[in-house]
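Okay, so Swiss-Prot annotates it like this:
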- 106, 143: substrate binding site (BINDING)
């Protein structure tokens, strides 16, 4: 792995000249293909948790960006669609039954996953879009018309409901993608973007929009935080009233309660939201 990282880092330093050096390009393409395949298999990932903190592996982002720079678009076809892209689909008309059985995943028509996205066992993918660099851990459901952005990280046993947008990011290199930790529920038509972290066991109601500058308000105390939904929080959309009379209130999201891990396991999602 160290040699792979070294080659990517060296290529990044001369990225603007790569297309002018055909011999260097041939060697580099194999390195980049190996990097994308490592993402595909989940042996490397863009972002990972170390010592209770999430860290970005910038070299992986560089590998993805270099792959875009050095790869020409080509025509792809399946049984009902054609498209022209630099990134091959993870699954195509040529993917056989045994591949799906060995991966222990289920997909339905309209599920689009780009190569370089990792899909763990027992994941169900409804008609949706999962971009390169994304990581979907075991037992998660990606529901209908959800969008998982490039490099977004989704934990184990999550439910990403219909029409939800999970933001991704390739640049700037140091920026974290959206991270949804284990056992989270993201309600339908919600949008989580700009590197927000939703910690383990959190429940996000339907139609909640959270970016890096969205005020996250504890209902009980009035405390305001940004960029992070604490573990086992139950979150709904809300409005912060204006201090000045006659001025409009501003959108926020509200932590209406926090439950412990045991309660979260026992109580149905709908009961928590009510």
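A Cβ is built for glycine as well, from the same backbone N, Cα and C atoms used for every other residue.
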Including all protein chains displayed, how many Cβ atoms other than that of residue 106 (substrate binding site) lie within 10 Å of its Cβ?
13
What number of additional C-beta atoms lies within 10 angstroms of the C-beta atom of residue 143 (substrate binding site)?
18
